[in-house]
Amino acid sequence: MDAASPVEGPDTFSRVLPLPFRLQFELVLGFWLWALNLHAFHLLNIDIFTLIHYPTRPTHDEPPLHVSTYRLAMLLTGMWMGAIILFWNFTHGQADLVIAYHCIPNLLFLAILAVLFAPRLPWTQSVFGSTSSHGVHRLLYGLLRCAPGGIAKAKGEKFGDVLLADALTSYAKPISEVFVTLCMLFKGMHTTNKPDRACGHEFIVPLAIAWPFVIRLRQCIKEQQWANAAKYATAFPVIILSSMMGKDPTWKAIWRIAALVNSLYSFWWDVSMDWDLTLLSRYRHRSPFGLRQHRVFRAPLLYYAVVAFDLVLRFAWSWKLSLALVYLDGIEGGVFLLEIVELLRRWVWVYFRVETEWVRSTQPASIAL
């Protein structure tokens with residue numbers, strides 16, 4: 001192993017959980033959260049297959065989609081746990097060894113890609129079911145279609161692309177970290193060293209953060225959803241100004257205004273448009289204050305709690321989009337925590353976004369759009 005290291009090594013948190021392992025953890029967590037979403041929809045009798053226009057349904061001798069997703073998440077979790085335990089066994093939290101054994105998480109990246117995108121072998125169908133490969137392939141095709149800002153032409157398939165693209169906005173910061181990791185790798189740096197977020201900072205990192213928002217912006221423009229497009233457009237001043245703020249602190253006040261606008265507009269859209277709640281509008285149903293007349297979740301308190309949860313985390317997410325974070329020392333654990341919390345916010349958002357779409361499709365006349 002090449003144990004050579006730069007002058008500044010990984011901080012305490014990165015010695016335990018280097019950046020590549022954190023990115024892999026966030027990817028695996030995404031599969032667990034989606035499996036939980038699918039499981040809940042199954043229990044609530046919400047036909048997610050119809051809503052996202054899923055090409056096939058499991059047969060009676062195959063596991064339900066949420067079960068096969070759980071099994072995939074368990075497999076990826078086992079791979080991640082095995083790799084991180086092996087890494088800890090070799091490094092013991094020592095900076096030089098952490099840097100030297102960067103090959104372990106790098107190889108894990110390749111192994112995860114092989115599991116996700118390699119064709120399913122016949123013997124795996126008894127565990128995952130034949131539809132599991134359809135799910136992975138649909139994810140890949142959806143990413144390829146959405147990457148340039150595309151969206152399915154058929155009306156019934158659009159909702160799945162919207163969910164996927166919105167999920168990518170929650171992965172905006174991790175996506176930028178992938179580019180940082182690749183930049184370090186191609187420059188011959190050790191990926192387990194302290195993340196060099198100045199690597200490509202002037203060009204690559206801001207574009208990587210902005211990319212998911214560009215996707216949704218283009219989708220909204222294609223669908224002529226101008227108010228929704230404006231919501232995603234408000235993210236760009238936050239990203240641009242945070243980059244400028246790193247060089248000139250005088251931009252900080254303007255950045256705060258931009259972040260406030262982005263957070264408030266996004267929060268209003270979540271509540272009023274994505275979830276069809278009337279808490280922030282003048283329209284009132286004959287139902288508990290600010291809620292819809294038709295709801296899958298019967299407890300009003302649950303909706304109020306989720307709205308409060310979304311409000312707090314919307315502001316945290318705008319703050320985390322700031323590239324100025326790269327100039328702060330000792331915040332690797334804090335940034336990672338914010339990324340995890342945003343994934344949890346998106347997980348909760350999916351429940352109520354899908355619930356709203358299901359209510360719209362089954363009770364179209366009762367929903368105020």
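Cβ coordinates come from backbone N, Cα and C, glycine included.
Features reported for this protein in TrEMBL:
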TRANSMEM  31-52  transmembrane segment
TRANSMEM  72-91  transmembrane segment
TRANSMEM  97-118  transmembrane segment
DOMAIN    196-369  domain 'EXS'
Exercise for the section: Could you tell me what the rest of the chain brings near the transmembrane segment (97-118), counting residues at least six beyond its ends with Cβ under 8 Å? Expected result: 1-5, 9-10, 14-15, 18, 20-21, 24, 27, 72, 75-76, 79-80, 83, 86-87, 90-91, 136, 140, 185, 190-193
Practice task
Six or more residues out from either end of the transmembrane segment (31-52), which same-chain residues have a Cβ under 8 Å from its Cβ atoms?
Solution key: 64-66, 69-70, 72-73, 76-77, 156-157, 159-160, 163, 296, 343-344, 346-347, 350-351, 354-355, 357-358, 361
Exercise for the section: State the mean pLDDT for the domain 'EXS' (196-369). Expected result: 85
